[in-house]
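Undergrad: Once you've had a glance at the structure underneath, I'll fire off some questions.
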């Protein structure tokens, strides 16, 4: 017996050593969901707030971000699309990643992405990212040109910054982030230079925030602060921004105490709307002549009333009936001698040198007359040409889908919070400038 034990003891020792190595390896792998590409963080400390820096594109007025994807991680520039259903990028050229996967048709991932069709690739004789057979087909669209096409549902690593007190924390990873490899023609028009596709934040199963909420167990809330200046960053925060223990928003009491809120309505397509019952210019009500109740009525899902919040229109678009009266009331409160020929796409422009008397106040009145969003001078006017300032609102014609489509110029330098748990949208009643702040200086975005 002793002899037999002596013979098998080396095998037991080897087995125990291998088991220890396997347990250690498994422990390390379990931590990889919250792994910083530069340094290791513990899996026991799940992030409560995530940060994505955002920049303005000077040529289009739209906003974009660098997301970190693939293995090894690399920066991928994408357009911010508040109402988009998912992230899509073009994978036809230069997509290199050791962790790319294309889920099989009718798989769990397909169901999660609401993909009910199979994808067959005809572009290439060999398989590559974005080109496999018997995978999931997902419809993607360019939010600027409205072109659309089927692509391949894919999954790969995505990394995003966490926070550590008032500073940026380590990057954390989602190992199987779902997105679409879309046809390359979708990215050829309308998008800022070098952008590879849009990053969707709409109310949809595989939009960015919903995958982050699910993966990290975050509070279902995200905040957006878009910078007016191409040389400085704004940011989107995912998670509980009101948790003062996070302390990430500098002087958060000053920034957040000024917030007012109104119900958040979501269309069947997952787009974000808020009710605007009235527009006031220097306290004068803007009342459409042909339909006085246009702003205060709600039309349901067939034609959503109110204001759609977007990040893919640089300027706010108004239904013609509203635009006509709004510009007339605004012009009545401006010096007539300052008005000049309009510069497209705007309908009302002025000689900047003759505007020393100030700009009329414009307020959007929400469900309650106490809930008012005051649009600052900088958010109202656009420097269309040298020496020419225009009212930054565009005539949308008679057949708009909704009365108001809020554009990025009016949203810049405001904190806008989408509280999906309480179905409400919150915003500063006055721009951050009234507090002496900007989107760039209320966040620490160093080394982002």
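Every residue, even glycine, has its Cβ placed from backbone N, Cα and C.
Heads up, here are the entries from Swiss-Prot:
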| type | residues | note |
| --- | --- | --- |
| DISULFID | 91-181 | disulfide bond |
| DISULFID | 105-118 | disulfide bond |
| DISULFID | 110-136 | disulfide bond |
| DISULFID | 121-131 | disulfide bond |
| DISULFID | 349-390 | disulfide bond |
| DOMAIN | 63-428 | domain 'Peptidase A1' |
| CARBOHYD | 133 | N-linked glycosylation site |
| SIGNAL | 1-33 | signal peptide |
Undergrad: Give the three-state DSSP assignment (helix, strand or coil) for residue 110 (disulfide bond).
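TA: The three-state answer is helix.
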Undergrad: Can you tell me the CA-to-CA distance separating residue 105 (disulfide bond) and residue 181 (disulfide bond), as a whole number of Å?
TA: 15
Undergrad: If you count Cβ atoms within 10 Å of each one, which of the disulfide-bonded residues 91, 105, 110, 390 comes out on top?
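TA: Sorting the candidates by Cβ neighbours within 10 Å, the top entry is 91.
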Undergrad: Cα within 10 Å of residue 121 (disulfide bond): which of the recorded positions 133, 136, 181, 349 qualify?
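TA: Close recorded positions: 133.
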Undergrad: Between residue 110 (disulfide bond) and residue 118 (disulfide bond), what is the CA-CA distance rounded to a whole number of Å?
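TA: Residue 110 (disulfide bond) and residue 118 (disulfide bond) have their Cα atoms 9 Å apart.
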Undergrad: Where residue 349 (disulfide bond) and residue 136 (disulfide bond) are concerned, what is their Cα separation in Å, rounded?
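TA: Given the Cα positions, residue 349 (disulfide bond) is 50 Å from residue 136 (disulfide bond).
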Undergrad: Counting across all protein chains shown, how many other Cβ atoms sit within 10 Å of the Cβ of residue 118 (disulfide bond)?
TA: 14
Undergrad: Of all the disulfide-bonded residues given, namely 91, 118, 181, 390, which is spatially nearest to the residue listed as 'N-linked glycosylation site' at the Cα level?
TA: 118
